[in-house]
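J.: Copied straight from TrEMBL:
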type    : residues                                                               : note
DOMAIN  : 97-225                                                                 : domain 'FAD-binding FR-type'
BINDING : Ser160, Arg180, Thr241, Ser303, Arg304, Lys313, Gly341, Leu342, Glu380 : NADP(+) binding site
Amino acid sequence: MSHSAVSQAAAVSVSIGNERSLTRSVFKHNNSLSFNSKPWSSSLALTQKTSTIRDAKRYSNTTICMSVQQASSSKVNVSPIELEDPTDPPLNLYKPKDSYTAKIVSVERVVGPKAPGETCHIVIDHDGNLPYWEGQSYGVIPPGENPKKPGAPHNVRLYSIASTRYGDFFDGKTASLCVRRAVYYDPETGKEDPSKNGVCSNFLCDSKPGDKIQITGPSGKVMLLPENDPNATHIMIATGTGVAPYRGYLRRLFMENVPNYKFGGLAWLFLGVANTDSLLYDDEFSKYLKDHPDNFRFDKALSREEKNKKGGKMYVQDKIEEYSDEIFKLLDNGAHIYFCGLKGMMPGIQDTLKRVAEERGESWDAKLSQLRKNKQWHVEVY
């Protein structure tokens, strides 16, 4: 499993789950949005036309720290609560040929100096006009023209959203992305070749507050957080920026005072990164661990700092193997399991799960088929 700067960009470059089946969206971006015939109140932020960056205090550079501090004493109140009303997720409100113009609020480096590569937390102001659910993705169209199609815009890059539907300011007007800058180094010279760097990830990481950004979506149903059972178990497995949707899940479960949804189950996060400096949102996750020890577990796999039981590098599948018996029992009892990150993570994880299943006298193929049938298996890789 590589932690190279090139391969760990957060853009999803493959179709996700049944993405093609989602094009039947009934949504139009006008003054009467509906979620599968459920009308939105015209007073909701969706149709507000107020100024985008209206309050300098609201858009301070303390986005992440502020959120944690606000939640230090009790859960944070969120608004507008009408965002809880629709029974179906918003899908494809804006298409590539008719994208939404949002604005950058802040760009913050969120890894330490010893992390390989740079990862940024990017807050985007959509002014309530591009609602989404936890686990969905936005498409980003970087400025400029497509080198393969002169005169045409760049292709859309998909990024998992790293915030809840209420955003980092809990007001339903922003969304956050977790983006690793994709940089290419020539193998012969060892020098960076800007001509081959990731177009969209570098655009996002270089953005400044107030910059305009073209957004499409939201898209995706595969990674939605099932909330029909507030006592369910959610096992979340990520490499690098694949932690983005789980940050949204966990803020919803533990940070926000969400009306009519009180989580009493277990959320268990496995995060694989290169080293301690590469850990993402560690302050938030560590706080949940402290405040909700009965409902949250957090296991890290640091490939450049830890060894697995065979003496090799510690990858996320090695950490999963350590707890395999417990994980299998939880799955047998209906737990949901999620995978998000580099597509290269899946073969190793699948091999580990298959080996563990066989050691337990089970058929992994049959078990996987049953998990999929029960909608317990959620995968989004890029």
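In case you wondered, yes, glycine gets a Cβ from its N, Cα and C as well.
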J.: Per DSSP, what is the residue tally for the domain 'FAD-binding FR-type' (97-225) in helix, strand and coil?
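T.: Counting residues per DSSP class in the domain 'FAD-binding FR-type' (97-225), I get 11 helix, 47 strand, 71 coil.
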J.: In whole Å, could you give the widest CA to CA gap in the NADP(+) site formed by Ser160, Arg180, Thr241, Ser303, Arg304, Lys313, Gly341, Leu342, Glu380?
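T.: Taking every pair among Ser160, Arg180, Thr241, Ser303, Arg304, Lys313, Gly341, Leu342, Glu380, the longest Cα gap is 27 Å.
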